[in-house]
Structure formats: structure tokens, C-alpha cells
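Trainee: One structure, as C-alpha cells, below. Some questions next.
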Amino acid sequence: MSTGTDQDFNASSPLSSLSWGGDHLLMLDQRLLPEEIVFLKLYTAEEVWEGIHSMKVRGAPAIGIAAAYGVVLAARAYPGALPVEWLEVTRKACAYLATSRPTAVNLFWALDRMKEKAGQLANTASSIAALNEQLLAEADAIRAEDEEVCRRIGEHALPLIQDGMGILTHCNAGGLATAKYGTALAPMYLAHENGISFKVFADETRPVLQGARLTAFELQQAGIDVTLLADNMAAMVMSKGWVQAVIVGTDRIAANGDVANKIGTYGVAVLAKAHGIPFYVASPLSTIDLSTPTGQDIPIEERAAEEITEGFGKRTAPQGVKVFNPAFDVTPNEYVTAIITEKGIVQAPYDESLKDLFADND
Ligand SMILES: CSC[C@H]1O[C@H](OP(=O)(O)O)[C@H](O)[C@@H]1O
């Protein structure tokens, strides 16, 4: 396990995906990027559920943060004065928001934390208004902690980026997927701020095009050299010697180090291994799920056929054709060179090194 420096950095996504507006959650509609920048004011847990499910907000940490504020909105809507009823409202909101998407463990991690906090608060002799203020403070803390966690991931990963390197990434694990900085993109922002010269190759990441629409957008805005690739081009750029490292994010890491991430990541990992290129996964501890034994136990979301048959705004496949649209795949741990966390970089054997990360949390 390595230890990072205490550098700070300001660069990140040019836009914040989520912020609290006093009585609403302000959510950037990421489905409209990069052409349109539209912020939505959400006033109910139902609107937050829909924002997560339809991917207006996406990215494991951002999904967890949005859900936390969704619980706050539900609690604030309780009209009564009984803490026991208030607690029931918050618990129902947590269960409801947990149905919005199945794979990113940050959603359940954040909701479990909000549920635990609500349980603690309901046992105090506070007014409902005070309970709501303290529950909001917990959602704010989840957001603020994620920002610090991503910054630390950037610091620990910084030594992996040297002058002249080419780095390939898949999907979007940038500031838009988190509170700020991102996970996989955090070291890229920090390296750029430190004057390191490197190139990024961003897979467009079909079918929702998070790489083209979000990663290319974020990095271009930050002045980072980014080249957009169709997903079937990764092998060629690796064969040309243009890529010296792959850095991706993740939605859930199982206890054995298997990594669930955006569909297509597994293929990139196999290609990286075939070309002798290190494959790094940037992950907050909140995305590591020791209660899930292996990658085969991770629920993989399947999304609507239209994301594939009409993803570019026009039909590109025959009516009635069968479609398989898994939103994630699982990269077996043997393809993972190292996992970069806010506590440092860990390597195999992951069933031990991941457990050690949580040892001093007990
Ligand atoms: C920093 S988490 C980013 C992670 O989430 C993305 O999935 P989605 O856009 O469907 O929420 C993708 O797997 C990214 O690697």
C-alpha cells in the first residue's frame, strides 16, 4: 500500500452534477450533455428516483449522493410531529430509492448510512425540524467526504502518470460521476495541474456514450489532451504503442477484487493484458463491497433496447430485433493490476488487501 502526497488541486469537471438548493436538489441533466447544460430542481424522492433510473445523474458516487438527498426530501415532506412516524417515512424512502438502479453499491451504501443516521436521530428528543436539519447534514457530509475521497485517489494515483504517457479510459469516472474531481479522472486533473504532459484516449462507451459526451467534454474543458475513440478501436491504439496505462472507475468491487464497471470494461482489460499494459481501477472504499463474495454475485443492470436501437436519436436496427443491453460487465480480478483508493494503492491478493483497507475502520 502506497501513501499519497498532500497536494491539492482545483481542476475538475467544469460542472457540478448535484447541489442542495435549500428546499430542492439541483441535478444536472447529464443526458443532455455536451450540447445542453440544463439543471433540474427536484422536490421529491420520486423525482430523484426517476433522475437516477433514467441516468440524468449517473456514476456510482453521484448516484449515492443523489439518493441521500432524496431521503432528505422525503423526510422534509412528513407533515406530522412524531419522530417514530418521521423515522418510518425515511426508512420507506430508503427502500424506495434502493430500487432505482441495481449495480452501483454506492447507492445502497449511502442509503444504509442515511437509514442508520435517521434511526439515531429519531431517538433524540429533537423537533422534526431539527431532525430534518441533521439528516440534511448527513447528506451534505456524504457529498463533502466523496469530494475529499476523490481528491485523495487523485493524489495516490498521480505517480502512475508520467510525461509522455498515453492513458486509455472507458465510460466516465470524472467529476460528473462524483461530488468533484472523479475517480479515474482525478489523477489526470492533478497531473495536468502539475504540468505533466500526457494524452488520454477516451472510449465513446456505447450505448449511452458517457465517454464521448462526458469524459471528452470534461477533459477538453480542463485543457487535457483527449482523443475520442469508438469502442472497437482500443485494440488498435494499444497495438500502436500509444497506450501505457488504462485507468477506469467502478460501480462495485467484490470481496475477491472482481470489478463491475461499464459494459466494455472487461474487453478493455483483456486487451490491456494481451498488450502488457497495466489496468488500474480507481475506487473509493464506498464502492468496495466485502459482502459480495465475487463478481458473479454482482447484480448487472439490463436497460431498455431503445438505448441500442435508437441511441443516436434515429432507429439503427430493424423493428422487433432481439436486443441484449447489459449496462455493466465484470472484470475478473486477475486482469486488475491495482486498485487505487483514498487509502492508497492495493494489489492482489485482493481478498486480503481489500479487507486490510477496512481493518482500521472497525
Ligand atoms: C466513478 S463511478 C463511474 C462509473 O459509473 C458509470 O456507470 P453509469 O454511467 O451507468 O452510472 C461507469 O460504470 C463508470 O465507470
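Quick reminder: no glycine exception, Cβ is built from N, Cα and C everywhere.
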Trainee: Since TrEMBL lists Arg58, Gly59, Ala60, Gln210, Asn261, Lys262 for substrate, which candidate among Arg76, Arg91, Arg101 does it give for that site as well?
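Mentor: Matched candidate out of Arg76, Arg91, Arg101, per TrEMBL for substrate with Arg58, Gly59, Ala60, Gln210, Asn261, Lys262: Arg101.
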Trainee: What is the biggest Cα to Cα gap, in Å, among Arg58, Gly59, Ala60, Arg101, Gln210, Asn261, Lys262, the residues listed as binding substrate?
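Mentor: Greatest Cα-Cα span of the listed binding residues: 17 Å.
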Trainee: Between Cys171 (site 'Transition state stabilizer') and Gln210 (substrate binding site), how many Å separate their Cα atoms?
Mentor: 5
Trainee: Whole-number Å only: compute the distance from the Cα of Ala60 (substrate binding site) to the Cα of Asp251 (active site, proton donor).
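Mentor: The separation of the Cα atoms works out to 5 Å.
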Trainee: For the substrate site given as Arg58, Gly59, Ala60, Arg101, Gln210, Asn261, Lys262, which other residues of the same chain have their Cβ within 8 Å of the site's Cβ centre?
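Mentor: Checked against the 8 Å cutoff, the neighbours are Ile63, Ala104, Cys171, Asn172, Ala173, Ala177, Gly249, Asp251, Ala327, Phe328.
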Trainee: What whole-number Å value do you get for the CA-CA distance of Arg58 (substrate binding site) and Asp251 (active site, proton donor)?
Mentor: 10
Trainee: I'm trying to understand the geometry here, so how far is the Cα atom of Asn261 (substrate binding site) from the Cα atom of Asp251 (active site, proton donor), in Å to the nearest whole number?
Mentor: 5
Trainee: Asp251 (active site, proton donor): which of the binding-site residues Gly59, Arg101, Lys262 have a C-alpha within 10 angstroms of it?
Mentor: Gly59, Lys262
